[in-house]
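Visitor: What follows is a single structure, and I will ask about it in a moment.
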Amino acid sequence: MPNLMLSLSLLAITWSSLALAHEPSPLQDFCVADFNAPVRVNGFACLDPKQVTPDHFLFRGLNIPGNTSNPLGSFINRPTVLQIPGLNTLGISTVRVDYRPGGVVPPHRHPRASEILTVLEGTVLVGFVTSDPENRLISKVLQKGDVFVFPFGLVHFQQNVGQGNAVTIAFLSSQNPGVIAIANSVFGSDPPINADVLARAFQVDKSIIDKLQAAYN
């Protein structure tokens, strides 16, 4: 019996750990983020429900095309819990991306979310790379109405490969999914990663690393 109880206890601890590996389920109808609360928790403390208004659950403007006149040729409109306090504890957020022809969302990952993307307009190349050592590229050209999933935490990208503009909308499994843009993180960190480390990692001359770091700093 003691061994059985020990096994059950270990199993309960394991399942509890798995359950808390992502954002926990809410324990009330809502928990609107109180950005002024003195208490810091994983997420935000709850605003007094008596102070909650409909505007805490509202975001306007996702229908407005973004300005894609930039080097990437894309514009990302990403309302998270910081723009929609009512998202707090709900484990979901959304993002709209506008692309001019050839525009890209460069390789990046979300450390706290998986993502499901839908093409609203245009033709979009999408893909993600599986984890090491396989590093397999899984990629597809999507048309209007197509849906594609990016698994949790994996590096992925998008590019408009059509003749006209493109629009996608996606939903992510976190109120604050975070973004790690690979090039920005590697070459634009503050302070910079030692150039010799990167030269050895990428198997290129250090002068190339110096040029890349200069472009991001």
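Any Cβ shown, glycine's included, is placed from N, Cα and C.
Sharing the feature lines straight out of TrEMBL:
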- 1-21: signal peptide (SIGNAL)
- C31-C46: disulfide bond (DISULFID)
- 60-210: domain 'Cupin type-1' (DOMAIN)
- H108, H110, E115, H156: Mn(2+) binding site (BINDING)
- H110, E115: oxalate binding site (BINDING)
Visitor: Let's check the environment of E115 (Mn(2+) binding site): how many other CB atoms sit within 10 Å of its CB?
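Guide: A count of 22.
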Visitor: Say we define neighbours as other CB atoms within 10 Å of the CB. Which of the binding-site residues H108, H110, H156 has the fewest?
Guide: H108
Visitor: In angstrom units, rounded to an integer, how far apart are the Cα atoms of C31 (disulfide bond) and E115 (Mn(2+) binding site)?
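Guide: That separation, Cα to Cα, works out to 23 Å.
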Visitor: On average, what pLDDT score does this prediction assign to the domain 'Cupin type-1' (60-210)?
Guide: 96
Visitor: In the same chain, outside H108, H110, E115, H156, whose C-beta lies within 8 angstroms of the Cβ mean position for the Mn(2+) site?
Guide: R109, A113, F128, F150, L154, V155, L172, P177, V179
Visitor: Can you tell me how far the Cα of C46 (disulfide bond) sits from the Cα of H156 (Mn(2+) binding site), in Å?
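Guide: Here the two Cα atoms lie 33 Å apart.
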Visitor: Counting across all protein chains shown, how many other Cβ atoms sit within 10 Å of the Cβ of C46 (disulfide bond)?
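Guide: For C46 (disulfide bond), the 10 Å Cβ neighbour count is 20.
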